[in-house]
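Record features (TrEMBL):
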- 9-50: repeat 'WD' (REPEAT)
- 51-82: repeat 'WD' (REPEAT)
- 93-134: repeat 'WD' (REPEAT)
- 135-176: repeat 'WD' (REPEAT)
- 177-218: repeat 'WD' (REPEAT)
- 225-259: repeat 'WD' (REPEAT)
- 260-292: repeat 'WD' (REPEAT)
């Protein structure tokens, strides 16, 4: 079933810049060039709250992981932390020396990362809004900064056409991705933490592996991409573009699934809910829209299940080979029936080794990123794999 428009919120008086769902999905926050933050109730007939405090355009909003706070960043150079209730109280702190483009909570809710036109990325404690440190290697406006799901890394996107990956502990830039042909508007981590996706004014979305620092996927559109959001399953990505469309990309198949027309004028922001059953979008047309995802939930549920369980030792062996070089080993019947004891033992130990390797491949995220399944690898890697296979075969026959 195709995604469908579920709700339609009108109340902003200028372009919407940012949208985010509360963790319990009962509320939706949006920021706008009208200097206001709106909190919309997902329950019908409940009125929206308009929060006034910023002296200039609100560029970004995000709910804390607990849902008890909403952070907003503004052109007035401040960050505000709001309590999303009737009173709409907020604390304000001067965060940067220029427009604050992006705010993001760490997954434990303890830290906040902000990005600004003053070319810096800053990290703060949420509790006392205490400044911790600055990351300053970008040479132009920083549009977006995000924590990795485990909080160890920070990724930032800038008008200097780079995406930078930072180690939060050492505060050093680990890698710069320079493949964008234009400004980079938005960047985010895959739910597994193993990849990032970035959207740019060169009309592209690029997905990189942050362990190997290599480009995995590249989607060429026909308009500037302003924003993107990963589905919690990690299998889909939704984007918002200047041609007024939202696009849903299937990351497993590496193709465009849906193009949605709802906004009049540029679609500026988009975000999936924590459960993935809804996504929200905002546009220059001052409107906030909520869409029902309607993907077949069984599709990604099954993929995640098989990923985790790794059914049999043989299965594990196959997946590994397939992931590494796109070569799929299939046993023929004759081999199976003619197995002897020694061969079986050898295969078991081999399979155990392979299982061990799989275990090590991704200790952090426990399941090897689903994306890896369909990656086309460089010829070198393929050659290396084929050589290894030859060796294994030679060893078996000798």
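Backbone N, Cα and C define each Cβ position, glycine as well.
DSSP states for the repeat 'WD' (51-82), grouped as helix (H, G, I), strand (E, B) and coil, give 0 helix, 18 strand, 14 coil.
Within the same chain, the repeat 'WD' (177-218) stays apart from the repeat 'WD' (93-134): fewer than three Cβ pairs sit under 8 Å, each pair at least 6 residues apart. Taken as a whole, the repeat 'WD' (93-134) shows an average pLDDT of 96 in this prediction. Each residue of the repeat 'WD' (135-176) gets a DSSP state, and the totals for helix, strand and coil are 0 helix, 23 strand, 19 coil. Non-local neighbours of the repeat 'WD' (93-134) in the same chain are 59-66, 69, 71-75, 77-81, 140-147, 149-151, 154, 156, 158, 166, 168, 171; each lies 6+ residues outside the stretch with a CB under 8 Å from one of its CB atoms. Counting residues 6+ beyond its ends, the repeat 'WD' (260-292) has Cβ neighbours under 8 Å at 3-10, 12-21, 23, 25, 28, 30, 32, 34, 38, 40, 42, 224, 226-233, 238-248 in the same chain. Here the repeat 'WD' (135-176) has Cβ contacts under 8 Å with residues 98-99, 101-102, 104-108, 111, 113-117, 119-123, 182-189, 191-193, 196, 198, 200, 208, 210, 213, 364 of the same chain, all six or more residues outside its ends.
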